[in-house]
Amino acid sequence: MDNKDEGCSTHLIDGDGMFNVAGVENFMKEVKLAECGLSYAVVSIMGPQSSGKSTLLNHLFHTNFREMDAYKGRSQTTKGIWMARCVGIEPCTLVMDLEGTDGRERGEDDTAFEKQSALFALAVSDIVLINMWCHDIGREQAANKPLLKTVFQVMMRLFSPRKTTLMFVIRDKTRTPLENLEPVLREDIQKIWDSVPKPQAHKDTPLSEFFNVEVVALSSFEEKEEQFKEQVASLRQRFFHSIAPGGLAGDRRAVVPASGFSFSSQQIWKVIKENKDLDLPAHKVMVATVRCEEIANEKYVSFTENEEWSQLEEAVNSHSVRGFGRKVSSILDACLSEYDTEATFFDEGVRSSKRKHLEEKLLQLVLPAYQSMLGHIRADAFERFKDAFEKALKGGKGFALAARECAESFMSHFDEECTDAIIDQAKWDSSRVKDKLRRDVDAHIAEVRSAKLTEVTTLYETKLNEALAGPVEALLDGAGDDTWPAIRKLLQRETDTAVSGFAAALSGFEMDEESRDNMVLRLKDYARGVVEAKAKEEAGRVLSRMKDRFSTLFSHDQDSMPRIWTGKEDIRAITKTARSASLKLLSVMAAVRLEDEGDSIDKILIVALVDGKAGASSSKSITSVDPLASSTWDEVPPSKTLITPVQCKSLWRQFKTETEYVVSQAIAAQEASKRNNNWLPPPWAIVAMVVLGFNEFMTLLRNPLYLGFIFVAYLLFKALWVQMDISGEFRNGVLPGLLSLSTKFLPTVMNLLKRLAEEGQGMANGQPQGNPALSSKSFRGSTNDQGDVSTSGTSEVTSENGTEYSSSSLHDKVQ
């Protein structure tokens, strides 16, 4: 007994078939197995000699079974059955390492031990690992098919049914996916089970009643050691709590208590040794089996090392190879012919069976290359189809016609290429690849078709948007009674134009009538949507539009010239006209009217917002319902409503509030203009001035000097009036005018006197007194709209020193 890393092992059954009772008892004491009760599991492994069973167990369960030394050649390392405890796995798990099958050391006469040990493992184990090479899947001996067949039959006869998990461990996994290998194994096991004669009690019992089948695959330990260890470590996790529900042996039955394991195992081995049904096969058949298997293996290796095949395999991985099927068929035929020549004298049944297995293995080896070849053919055909299809469309050919011709052409080309790749020995069908190509072609056609239809639809939608958005906005901006009829006419015209071109563009797609009509209908709906969206957008700016329209009509005359409020304009009438136009804009924007159906929105708004107040004032005693106290319009569906009656009322109130200031400013400007243009006193004041000022007037007539003085004072006052722009200052109000004049009065007077003084000094130095030229100058003026006063005729003014000034010269100075 060995003890290494807490792992205990013992020789359970020696190579001569003797059960080691004492060793098992010591082993049970060492691992304290009797204390486990039912909480333990038994795992065993079987498989060909030198297939790495012990190596797998040592890495999987951290045991210390003896392993083969590869440098000393392939030979038997495990004799009989060894048992050890797994390290670090709960619950307590025992593992049995069985002697390999097909060992040359025992020879043909002792192969019964191999089957007896396998039957023993199945009888006492909860989980049986069947170690096998990946490339041996499908072989009778290497995959233990005859062994399993015999074991199934004898087990049902000898023992009560127990649930055992068969885990097939595929070693040195190749590129063939596990998903492809597992169904083959499961199918072979099921066939073995179905072919085994069963007792009447288990005649219809399914395989799942006795066995759970699991399949795992591991990489090569020698070539990919790190990957192998990672996979084994992952597999090791599945053996933790293996007897728990859902575990690998979670549904096992007829478990022997741990304390009786030794005695139970001893009795099971005794029954197996006494079984006479496990006789060896006939010598002739065995020799044929072994020798034909060796020849088949030699030819398989010879094929894999064939230089021509290697070149073909390498080339087909990157691109398609012309004549692939013919070349591979030739290599396969040569390999099988060599097998037939060397195995011709062996048992015909065995020879044919092994030849079939060899052919299957070779075809499995060739299959990936064949699939790659079909993949290249499909990819090349698909790419050429796409190029040809694109060129046909660019050449102006109809979409449906181009798609149909290109698809038929390249599917025929694919069939021709596949015929060149057919391998004579295989009955492989390329229909799946062809179907894949057909699906790819159809998908590409559908994708391009969708893109082209989207492109055409987008084109005409863009045209409709450009043709409708701007004109509709302009029509709504100048809203009037004919706005919506004009929009309907515009929509009908542009829609008909777009639909005509759209239908012509769709003709090349050979669409069914229903689909074409649906697309045309969607285009029409899009056109309506453009109009409705633009109307909704404009309705959101209706208040701004109303104010703009009111401002335009109120502030400009019929000739679009800015109004000057002179006092003659009828502001009330102008205001009413401008507000009526704005109300018309509101009524037009209130609803979408793409159907020629009348409504009373305009009348309701006029009655409620314009005429309603006058009517309400004249009939206060009559209680009436507000027609705008609603969220919907009569005869207008909610989906077509842009501005509800309540919103119209609110907008009108806000509109009036924001435009009242403009009206008040106009009234103020008109009043100011009237004041500026009316300087004469009232008639009664003139009469009073004449009557009361008669004596003063007579005094002036008796003394003309007063008239001259008054005239000069008038001229000075007029000069100050013009210089200070008194009328302009009072336009902004009395108080602002007085404040402004108070700051300008003194500087203006000083400036005026300075200019008069300079003028008088210049005349005194340069001309003699009484110069006739001066007396000939005249002072002329006129009265303008602002009240400017001018005089006509000629007058002279004499200064105190005798210098004469003409009235025109004085006027120039004032100016």
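Using N, Cα and C of the backbone, Cβ positions are placed for all residues, glycine too.
Curation does not apply to TrEMBL; its annotations are automatic.
These features come from TrEMBL:
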type	residues	note
BINDING	Gly47, Pro48, Gln49, Ser50, Ser51, Gly52, Lys53, Ser54	GTP binding site
COMPBIAS	764-788	compositional bias 'Polar residues'
COMPBIAS	789-804	compositional bias 'Low complexity'
DOMAIN	37-252	domain 'GB1/RHD3-type G'
REGION	762-815	region 'Disordered'
TOPO_DOM	1-680	topological domain 'Cytoplasmic'
TOPO_DOM	726-815	topological domain 'Cytoplasmic'
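Cβ neighbour count for Lys53 (GTP binding site) (all protein chains, 10 Å cutoff from its Cβ): 28. The Cβ neighbour count for Ser54 (GTP binding site), using a 10 Å radius over every protein chain in view, is 22. Counted over every protein chain shown, other Cβ atoms within 10 Å are most numerous around Ser51 among the binding-site residues Gln49, Ser51. Other Cβ atoms within 10 Å of the Cβ of Ser50 (GTP binding site), summed over all protein chains shown, number 18. Packing around Gly47 (GTP binding site) is summarised by its Cβ count: 26 other Cβ atoms lie within 10 angstroms of its Cβ, all protein chains included. It is Pro48, among the binding-site residues Pro48, Gly52, whose Cβ has the fewest other Cβ atoms within 10 Å in the structure shown. Over the domain 'GB1/RHD3-type G' (37-252), the average per-residue pLDDT in this prediction is 79.
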